[in-house]
Amino acid sequence: MPTFIRSAGSASTAILLAAIGIGLIIGAFTPGFGSVIEGRLDITIFLLIVLLFLPINVESALSAVRNIRFTAIAWVANFLVVAPLGVAIAWLTLNGHPLAMAGLMIYFIAPCTDWFLAFTRLAGGDAALAATLIPINIVTQIALFPVVAYFSTSNTTAFDGSSLVEMLLWWFAVPILVATAIRRGVRLTLGAAQTARVVSVAESVVPFVLGVMIVQIFAGNLDSVVAERALLPLAAVAIVAFFALSFGLSQLAWKAFSLNHAERAALTMTTSARNAPLMLALTVAAIPDQPLVYSIIILGMLLEFPHLTAVSHYLRKCAPGDVESAAETPAETVASASRR
């Protein structure tokens, strides 16, 4: 297996584990400080969402139209097959624990819009083709999020459907406007090459900002997380089952639609990887004071990286010819997409 495939997943997992550990230590030994830093979550959430939106190129939507067959296959697979499958798995495994079930549902419904490009490339797939899915995937999951959040938590939390417009405005519209302004400003003043570098830096910073948010969550909610720890193994079983079934379905689609290897890898990765950072940020903003929900999404991230590493290695072995020289880093993958 290429060294980078191992290091990419292990580094991100290490950051997440370190963030959890630091947060738990702060919560255990300095709970007052934990409460203070948790109170600054809104700032971290906003920064994280801006960073996640910065690589998104609106022009990719035009490419999606030109690749309508693959776009349609991937969209149907993600939102009409895999997302309902995830909701069903969450209900079957955790329907007696509504908050944990809500965390699983929110995690399962949203396909990834960032690091899946790197794993697609490393699997010998077409990262440029995969990148064309990002705009439609973002719009669809943003539309789905409030629906799933409301119906999965309406009996257990204070999620207010009447404030939905305000929530979407502040946590979606404003960050994407800020990200678009930054991107266009850099492009106009410094050119396309520097824009690609800025996007690369943003991509590399995301795991660390996500880590800060996780520290804040665990530092301010130690008692709640510890009290519900018995549910985490059951949630892990559900997540593993979801990964296995979604992988199997993507391989059935590959054969049914006679996709080539590059399309197969792109489809497999978009249906395997989840958009946990964005869903976690939106969930913390929309459903406050529910650390169990957040913990389930974080658990999904921890299990996702080993899964994506294994899948990319398997697909690479299945690729016709030598794709080793085509490997590139996540930053390079996102940067190349940003130049289209």
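Cβ from N, Cα, C; glycine included.
If you look at the transmembrane segment (12-37), the same-chain residues 6 or more away from its ends with a CB under 8 A from one of its CBs are 115, 207-208, 210-212, 214-223, 225, 298, 301-302, 305-306. According to TrEMBL, the feature transmembrane segment maps to 12-37 (among others).
Annotation comment: TrEMBL describes 43-65 (among others) as transmembrane segment.
If you look up TrEMBL, you'll see 72-93 (among others) marked as transmembrane segment.
Remote same-chain residues near the transmembrane segment (99-120) are listed as 5, 8, 12, 52, 55-56, 78-79, 82-83, 85-87, 89-91, 93, 126-127, 130-131, 133-134, 137-138, 141, 144-145, 148-149, 152-153, 156-157, 203, 206, 228, 231, 234-235, 238-239, 242, 265-266, 269-279, 283, 287, 290, 292-297, 300, 308-309, 311-312, 328-330, 333-334, 337 (criterion: CB distance under 8 Å, separation of at least six residues from the stretch ends). TrEMBL lists 99-120 (among others) with the feature transmembrane segment.
Per TrEMBL, transmembrane segment is recorded for 127-148 (among others).
For 168-186 (among others), the entry in TrEMBL reads transmembrane segment. Away from its own ends, the transmembrane segment (168-186) comes close to residues 45-46, 49-51, 53-54, 56, 58, 142, 146, 194-195, 198-199, 281-282, 285-286, 338 of its chain (Cβ-Cβ under 8 Å, at least six residues beyond either end).
The transmembrane segment annotation in TrEMBL covers 198-219 (among others).
Annotation comment: TrEMBL describes 231-254 (among others) as transmembrane segment.
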For the transmembrane segment (231-254), give me same-chain residues lying six or more residues beyond its boundaries with a C-beta closer than 8 angstroms to one of its C-beta atoms, as numbers and ranges.
73, 77, 81-82, 85-86, 89-90, 92-94, 97, 100, 103-104, 107-108, 263-264, 267-268, 271-272, 292, 295-296, 299-300, 303-304, 307, 311
Within the same chain, where does the transmembrane segment (198-219) have neighbours whose Cβ lies under 8 angstroms from its own Cβ atoms, ignoring anything closer than 6 residues to its ends? I mean 6 or more beyond.
11-12, 15-16, 18-20, 22-24, 26-27, 33-35, 37-38, 40-41, 44-45, 47-48, 51-52, 54-55, 114, 182-183, 186, 225, 277, 280-281, 284, 291, 294-295, 298, 330-332, 334-335, 338
